[in-house]
Amino acid sequence: MQGLVPTATDGNMATEFHNLQELRHSASLANKVFIQRDYSEGTTCKFQTKFPSELESRIERTLFEDTVKTLNNYYAEAEKIGGQSYLEGCLACATAYLIFLCMETRYEKVLKKIAKYIQEQNEKIYAPRGLLITDPIERGMRVIEISIYEDRGSSGSSSGSSSVSGSTAR
Amino acid sequence: MKNCEYQQIDPRALSVSPLSVQTHTEKKEHRPRRKWEVFPGKNRFFCDGRIIIARQSGVLPLTLGLIVVTCGLFFAFDCPFLVEHLTIFIPLIGGVLFVFVVTSLLRTSFTDPGILPRATPDEAADIERQIDTSGSSTYRPPPRTKEILINQQVVKLKYCFTCKMFRPPRTSHCSLCDNCVERFDHHCPWVGNCVGKRNYRYFYSFIISLSFLTSFIFGCVITHITLRSQATKGLVQAIQESPASVVELVICFFSIWSILGLSGFHTYLVASNLTTNEDIKGSWSSKRGADDSGNPYSYNSIITNCCVTLCGPMPPSLIDRRGFVPPDEAIPAASASEIELPPFTTKNDANMCTQSTKDVLERMIHSSSEFNGLCPPGTPKTTPLVLEVSSVAAPTAEPSPPAGCSHQHPRRPALCPPFDRSNKSDALHSINPAFRLASPSPSLSRSTLILGDAPDIGFNQLH
């Protein structure tokens, strides 16, 4: 069998992969939940921590709130106005903004961290529960989109798909 | 293509029609299209999406022309005399100011002002569902406003029928560009673009430096004519000797009034953290009388307001101009036929192909939302599955690919071949981590087989 990538050495990770594999083979997108922005403190990027009712049966409230709060903290860090951001702004202005050709802004650095965090959260927490978080940057920073996958799609089609995939493997 | 009237989104329609506004113009094409090519707003793009400008940029050449012509005349006709009689610093200062003005102007014109991408159909349907709780079958347009509290002050958020979302505070829809723009200030025809959150500082530095430039040239030309008329004992004679100076005088004289006025006005706006839009509409003026209707966004300190507006952190562009539109129809058709499996390690080389990791992932993200649409009973069911699982393979083989020029600014125009990608875009368009995980499991041979399958197809297909 070609195409083996034996990178999963850890037993836990293999279990997670297994979970995800099972999910992917038999899952179909059931619903999407959108966590809206919280504008109570102005236009800074912050998401509501209210726990949506659709997720009640899928994930614990505390885990969800932790994720959203951490994301909010990251965004607050990105948009923080203080000495460093002023310095960056003044330096950029002084160099006629050419400095951005070689340097990435602090916001971009934090966005990378956020992407990594979301990936990690998806791997560890959300995917095993049949959920998936989409990075808000993909949705214009308006919403956190959480896709809910059913454990089983319509039984006929899902078994059909697995049998096709099984036959090509053999 | 652009429908200005509101149409209710039928959730059932999501399953049969192309979902995203961005993909509705897409046909089965071999060449992957970038998102700027299917951008729904009225903007024009150059340099393969690196430069964005409004549709009507008619006056921008005039602005540039006036500045260049005036400065050219200044350097050609006034500077020699002034260098001789006064100092060499005059053309130097003039040169520096000229460079500042032109770079600020070009930056303002070609930067994304803070355009908000339109809501995905899923999002729009979700919003509709939330407000249409009565469940009546008769269509009713959603309420137009939503009230929220910002710093203990009531602010109304309006629903944008074009973009199908509630506009964030301080966002406004520009009818000329047909986009919602964050912190919308105004649409400036001289600059040929909207002025919003991302390019307001460039706009401000443009008008400030232009005021300095026009005042400087005005002063220098007056000095020049005065000195010359003293030397030649006559004003008329002086003017005859240097007619270009008169042209410059006239241009500068009329510009100074408007530019200085505009600079002063915008300095006031910056100091009180207002936008032109809000000021004109009187959103925060004391029209309610005794109510404490101050500006909820102000930091109540002039210096802080200035620093935040002009030196604050630079937010990224939310429209991904140079990303690829996921080719939804192309992949499923081809994936069923091939069964060849390249090892995963060779995917690094595969990245040199047209379809980059990011695109596969974007396809993944889009396809995951289109499963409903691609799943009529029968054989097509297999293709989404293959598609979905296949997209997993690509990212794992590409730990950190150089993914694509930044979609924010025209950063490295000369150094960016079409298939070169930067890491930034890769992070910004996050890898769908759940799918990323699924590929390297050796225990499930079925999945491995399928994983090896389609990405190769995808690459081939999209060459």
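Just so you know, glycine gets a Cβ as well, placed from its N, Cα and C.
Where the annotation comes from TrEMBL, it is an automatic prediction and has not been curated.
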TrEMBL lists region 'Disordered' for one of the ranges B:17-43, B:395-421; which is that range? B:395-421
Where else in the chain does the transmembrane segment (B:247-271) make close Cβ contacts, counting only residues six or more beyond its ends and a cut-off under 8 Å? 66, 70, 73-74, 78, 185, 203-204, 207-208, 210-211, 214-215, 217-218, 221-222, 225, 279, 302, 305-306, 309-310
Sequence-distant residues near the transmembrane segment (B:202-227) by C-beta distance (under 8 Å, 6 or more away from its ends) are 67, 70-71, 74, 78, 81-82, 85-86, 90, 93-94, 97-98, 100-101, 104-105, 107-108, 111, 185, 188, 191, 195, 235, 238-239, 242, 245, 248-249, 252-253, 255-256, 259-260, 262-263, 266, 270, 309-310
With DSSP as the reference, give the number of residues of the domain 'Palmitoyltransferase DHHC' (B:156-281) in helix, strand and coil. 75 helix, 19 strand, 32 coil
